[in-house]
Amino acid sequence: MKVIRKLKAKRVVIKVGTSTLVYPDGSINLRAIDQLAFVISAMRHRGREVVLVSSGAIGVGLNYMGLKQRPKAIPEQQAIAAIGQTELISIYKERFAIYEQKIGQLLLTRDIFVYPKSHHNVLNTFEALLKQNVVPIVNENDTVAVDELDHETKFGDNDQLSAIVATNIGADLLIMLSDIDGFYDGNPNADARAQLLGHIEKVDQHTYKLAGGSGSRFGTGGMVTKLKAAERMIDANGQMILANGADPTIIFQILAGEPVGTLFG
């Protein structure tokens, strides 16, 4: 008997990692971006409210500048992010326009959610965009985000950013697309016996012990950051699905309740 998941998905946040948008050799995966635009546009046309949290600014910037490695110096990283974000949003605008879907860009820092006035204003911006049938595309403002002793502006990674956005705007579901099929009970790259876990109701210390590793060469997120995002969603009575973003049309399967990836909550 086929298992069908019960999901609430009126308002959905989709987080796409750099590994989905940029090939391992550093070139831009235009096919994946086009599929993402197609899926999200279809969701909007069917009445769902969708916010896209997109990584990739530095990865796209490296490609644009013909560089193979992320620079180590913060000013150089932030310069690459500024270049890449401009190119990335231009690609998104072009691809979404094919499907007659308008987009709007929001570049955020953590302190926006800390201070009441800016917090209130950014939530109003999200609501206004969604009301006008516009898809907000969100990224951390890497060009200015830094952590200082008395003033934190960085989210740390877009896994955390996506969960913070989702819980603040009252999203039912966070779909996190990455370069892995879901959450395993071991490292599938090192252990052939590792099993994909289809459903995790609660993220606890045992779950964290199963996780490990860091992000890709072009990204920053690892499994631990994804678990923290899932924990945040569960605490807010939401759900999160972690799935492989190699083919973004997997989102259709997720919304149909098919048991792909790992459901948290």
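Count begins at 1; order follows the chain as displayed.
Including glycine, each Cβ sits where the backbone N, Cα and C put it.
Since we're looking at a predicted model, the values are computed, not measured.
Site annotation for substrate in Swiss-Prot covers Ser55, Asp142, and the matching candidate from Asn121, Asn124, Asn158 is Asn158. Residues Ser55, Asp142, Asn158 are recorded as binding substrate; their most distant pair of Cα atoms lies 11 Å apart. With respect to their backbone Cα atoms, Asp179 (ATP binding site) and Ser55 (substrate binding site) stand 13 Å from each other. Annotation for the binding-site residues Asn158, Thr225: lowest Cβ count within 10 Å of the residue's own Cβ, Thr225. In this structure, of the binding-site residues Asp142, Asp179, the smallest number of CB atoms within 10 A of the CB marks Asp179. Over all protein chains present, the Cβ of Met223 (ATP binding site) has 22 other Cβ atoms lying within 10 Å.
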